[in-house]
Amino acid sequence: MTKANGAEQLADWKFQYDLLTNELFHLHEFTSLLEFDPAFRHESDSFARFLADKHLELRMEEDAGAPGLEESSAMRRIRRRQKRGRGEEEGNALLKGVEELVEQKYADLRARLDRPMLKQGPRKRKQPGDAAKTALPHDSKKRKSAVVRKETNDEEHLKEEKSASPTVWSPESPQRDTYRTIHPSGDHEGYQSSSSDSFYFTTSSEDEEPTVKRSLKRKKAPVRRIKLIVHPPKQTVTNPLHILKPECSSLHEFLQSYKSLDEDISIEEFDSYIASQRKVVSAIRKGLKSGVLTYDRHTDSIQGISLKDVQNSQANKPEPITTFYQEQEKHTLRDHLNNHGVVMSRMFQDRKRGRIARARKISQMIEQHFKHVAGAEERKTKEEEKRRRALARAAVQAVKKRWNLAERAYKVLKKDEEDQLKRIQGKEHLSKMLEQSTQLLGAQLNQNDDSDDETSSQVLSENESSLGDEEMSSSSELDDSEVEAGEDDSKLTVEQLRAKYSALEHITIDGRSQNSEVSSMTENPEEDPQEYKILLSEREKAELHRTFETEENNILDEDHSSSSSFSESEISQTSSSENESLINSNSSQTPGLASLFGNVAEELSDDAHYSTEESLSSTPNEDQEGVQPNADAVSNMEIDSLEMQDKDESTNLEKLSVVDVPVPPLLRGTLRTYQKQGLNWLASLYNNNTNGILADEMGLGKTIQTIALLAYLACEKENWGPHLIIVPTSVLLNWEMEFKRFAPGFKVLSYYGSPQQRKEKRRGWNKLDAFHVCITSYQLVVHDQHSFKRKKWQYMILDEAHNIKNFKSTRWQALLNFNTRRRLLLTGTPLQNNIAELWSLLYFLMPQTALENGKISGFADLDAFQQWFGKPVDKIIAANDSEHDDETRRTVSKLHQVLRPYLLRRLKADVEKQMPAKYEHILYCRLSKRQRFLYDDFMSRAQTKATLASGNFMSIINCLMQLRKVCNHPDLFEVRPILTSFCMDRSVMSNYAHLNQLVLKNLNKHALDTVVNLQCTNLAFTQNDFNMETHYADSCARLQCVRQFSEAVEKLRKDASLPDAKDDPNVLNYQDMHEFYTGYTVRKRLRLIDQYRHTFYLNSLRCEKRPVYGINLVRLVSVHHRPPLECNVMSELMKPLETRLVTHKRIIDEFAIITPTAITLDTRVLSLGLDSEAAVHPVIKSDINTQLSRMKNPFHLLQTKLSIAFPDKSLLQYDCGKLQSLAVLLRRLKEEGHRALIFTQMTKVLDILEQFLNYHGYLYMRLDGATKIEDRQILTERFNTDPRITVFILSSRSGGLGINLTGADTVIFYDSDWNPAMDKQCQDRCHRIGQTRDVHIYRFVSEHTIESNILKKANQKRQLDNIVIQKGEFTTDYFSRLSVKDLLGSDETEEIADERPLLEDPATTADSKKLERLLAQAEDEDDVKAARLAMKEVDVDDRDFRESSTCANPSPDEDVDEEPVEDEYEGTRHVEEYMIRFIANGYLYD
């Protein structure tokens, strides 16, 4: 074969290969050959990737061996080595020609496709050149048959084995022109003959050129062979005698061809399974990546997301589809035929089933039709029967409905009759209750008909008035004798206390009625309470009725001429201040229920004052004594009309008073007048077997009155308990301290702690006289109610009893069932306008009441109570006019009469003359120089002006808080710094120390060359006469070792080890180690010899020194005179350093105040010459360092004062104008014997006050929010009892529950709190019951600052509700009326034109709690924590009374005048009447 023929054939094969690969690529991409263009050559990147992925790329092999022949690797290497470098140019030219031929074939194919009808002859191809025209020899290459090799590779895909593998051409090696086809399966078979199987190509083109016969001659050039590896078709059985060749040659190979999963599968199936699993895994990964799937950590699984989740996850969008069609599985024609047959078979079967189903349906319809025709008569009969049953059912239901209606009508009529009967019985019950209340009130009051009694009462009042203010003011202070007696009582046993106070019952007091009925009824106090009966004769009842009627008429006549009706606004107000004040009223007034309680208490209190008032009317010094009751209270009394049965009878008004009881000796301290009256009232309750409510205003001493009652029972009635007192948690310890203070003779058990501690306290408490009083909280008494119910209590006292007004709560039910003899409720809150709450308290007091006939009757139920009093009282509250009907007023009068015996309430306004006065002072303080500088600097900042102009509430509050800090103390705004010097490790001198040494060294380099030491050369011989003796010189000359030394040197020089001949001993040979060591030794010994020679020379000169005369001769001829006079002038001038420091210590302390700006640490070392660069001998340096380490530094104090400067302690006071004023005020208070409380809002101010008080040496105590409740009680008790403590500094946020600081008479507000309620609580801690001196309140205000502006505006706008303190809260009116200009002044806010208020948010204005939270954001963290702790203490009490169930409150706005209800049964016929009579006779239920 010639070279041209070979190139042409190669080009033909390359062209066929390209056609096949294009066709495969088109099928892969589009799954159809409909639009396939065989003339188009793909050169895109996707086509190259397709060839690479399918392993169809065409590359050149370097195998030069003949196909079908096996050659050894050695022979191949030899041929390669021989042919190296040859044929490279020929191969490149051949490849170039092949490409041109392939391109020409594509051009011919495009031309044929464009002109399919034209016939073209054989074209003569264009030769590329001379080299292409040169023919190869015919015998250069021998024709060989093509060998088809099959390679086996288990790792390739099975789908690619079905299609014939095309030929791949790869021009990798230009040296070899052998081509092969790479099949992905990689299967190899043995060699086969060319006649058995031949390779084939499948192409869509039918135009093929005839095969050119090649010459069989062998050429000398290296043979380029084509190695084709094709995939042969599978063996098919075409004859029964045909025997298939087994695929596996052995059994082992056959077994290895299967894989075992759940069952045995073939390799192909296994590969298919693996491929499918890979696709599933890739799909899952793609789903996770695109966001369609998600991984659930909890279930450890992959979950699909919903459509909503897919819409929300916009970040993970699926990738766009890159192909239009998926690759379909390629089936053969036989497979398509089989599938078509299966589909047609199924279609025929479905049609058959459909025809059968339609036939069955038609037959069923025919059958149903004939059945319907046959059953028409029977069906008609059944429908008629069904219709009749429906009519009968409707008739029965109508009759039954009518009977039900008649039954309801009968029940309504019967209920009306029962209600009528109940109203009659209720009126009878109410009459009995009113009669019983009259009896109780009459038993409490004692008629003073006898003139002797009147005289004794006058004497008693004069004795009481003669006690004076001094005796009245000693309620909170104990005399020494009383304290000693209290201590003795606390040490006595119960039997000794009984013996000590047993004789007190025989003591009689002047003015006490010995023959009264009440006294005779209480002679035997140990009888059962049920045995006490309230009995009055008919004459006494009538007389008492006439007395009340006459009293009412007289007072109403007086009030009619002096009082005026209230306005509508005054009637509708229900604030605590009006409920607690005395209200004038007449017959046309509109009294509310809240005012009824105050009026009842006032009437009772006024009745108690009648006898005293008459006895004191002739006393000239009534006002000085302070015992006369308030004249305004008497003039403003209200007594509603009490209509009795006997209206015709009337008598003169008699003076009535509560029976006076003696003050028990067991009580330590003196009761005030109103407290003594309260004790009398409580004692009358006990004597009349009645419970009551002590409702005095907060701060009037309900605790001391209760303790006095228990002491009275112990001393007078010999009733030592046990008593149960239930109080809020926060005041439990306060009650215990009050018992120890006023009644130390009682054994008090404070029941609190953990369950184990409470169990330990209950151990043995059933023994006689184990304790007298048990104090516990509401929460614990309900928790341990089973233990408390088993014990019998003499008195159960509830503090803050208004919190048990909910009768549906479990606490109310539990306390109601306690085994108690008497009950007392203490409350300082006015009772609300709620009939249900009022009934709850009254029923709790009187669940059972004794009657005249010895029977026990319970209190009225809630329904009856609301029926009697509910609607009239609601009508009064909701009324807009001043006139009411007589029935309403009579009902209110009855309510007065019911409540009058059980309630006592006094206000501070009634007893204000018996309390010390309160004075308020405002001290304006000037700002210090530093404060003024910081204040003006902060206000002049651009940021501050922008913040104030912004109008943001929180930003403005933050600015105001900073200004308040400057006013309180500048250290709160900016701490005065501690001055220290800037410390440097090295000074400037150390940088030039080395240079200085170098310069000195260079300057003195030749100094020794020109200067001759005459002393060393013995030329200065005259100096030897002053320090040398002749004997010493002779001895040195005689003892010198000159000869021995010179011999040793010569011997060393002539040592045999030293080489005598040496060229230059200073030059060392570093190339040879031996020579180097020898030369180095010679140099060392020569240097040593020179040193010894010089030493010998100097020693000779020293030994040859001789004096001319000698010092011994000079001493011999010298004459000594008398010693000179001693003088200490020089010793005074040369004092030691330590002495000078001690002498000038005062100067150092006072004037060593200027701290240098910068200091260095190496100055001392440089000055002493101890640095490393100093020219001092190391031995001398070491000696100096040793001496300095042993020496105490005399300059330590001076160095310390100059290195650090602390602010002077006096600057703490002089930096603040308030502290300067406080220093003057405290000095004056200390001299006058006063004790002060200093309150501040900020916790950091307490730290500054501590430093201030320590600086001045005042003894003080501190209480802030971090102080525990137990420690707080101890601190307050110590302050009240220790007069040495002058000052008590407190935080206004430290909580005010149970704090009583009556030991102080001065209150100083260092700064004002945002919440005015806090300031009022702070005042009440000092100005309360128990205070014996006038209270002065000082408020510090910085002038010309925000504080003075706030105070000025507050005073201008302060009216009734401008700053309202209600229920511990404060209104936002304070901030809603003030603007920035009002707070900072017009001078500071000239640039702010808007005068909007600080707080404009309506939500914040309506919610005070929200305002408190906003203000807390501007305060310090410590202050916020303190406020939270205070609120937490309040929440503890709130949790004691918090219940989930609430009592239904009747609406006061409910319309009383209801529309008349239409009578449903009006005009009933005779049938309905018959039905009702039938039901009434009871026949319906038989």
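Counting begins at 1 with the first residue displayed.
Every residue gets a Cβ built from N, Cα and C, even glycine.
Secondary structure at K702 (ATP binding site), taken from DSSP and collapsed to helix, strand or coil, is helix. Swiss-Prot lists D696, E697, M698, G699, L700, G701, K702, T703 with the feature ATP binding site.
What Swiss-Prot lists as compositional bias 'Basic and acidic residues' is 148-163 (among others).
According to Swiss-Prot, the feature compositional bias 'Polar residues' maps to 164-173 (among others).
Positions annotated as compositional bias 'Basic and acidic residues' by Swiss-Prot: 174-190 (among others).
Feature annotation from Swiss-Prot assigns compositional bias 'Low complexity' to 193-204 (among others).
As annotated by Swiss-Prot, compositional bias 'Acidic residues' applies to 467-487 (among others).
The compositional bias 'Polar residues' feature in Swiss-Prot is assigned to 511-523 (among others).
Annotation comment: Swiss-Prot describes 562-588 (among others) as compositional bias 'Low complexity'.
Per Swiss-Prot, compositional bias 'Acidic residues' is recorded for 1452-1465 (among others).
Here Swiss-Prot flags 321-393 as domain 'HSA'.
The domain 'Helicase C-terminal' annotation in Swiss-Prot covers 1221-1371 and is backed by sequence analysis.
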Subject >> Least buried by Cβ count (within 10 Å) of the binding-site residues G699, G701 >> reply: G699
Original post:
Where among the binding-site residues D696, E697 do you find the Cβ with the fewest other Cβ atoms within 10 Å?
Top reply: E697
Original post:
Least buried of the binding-site residues M698, L700, going by other Cβ atoms within 10 Å?
Top reply: M698
Original post:
Hey, what's the Cβ neighbour count for T703 (ATP binding site) at 10 Å?
Top reply: 20
Original post:
Around K702 (ATP binding site), how many other CB atoms lie within 10 A of its CB?
Top reply: 23
Subject >> Assigned element (helix, strand, coil) containing E697 (ATP binding site), judged by DSSP >> reply: coil
Subject >> Helix-strand-coil residue split for the domain 'HSA' (321-393), DSSP-based >> reply: 60 helix, 0 strand, 13 coil
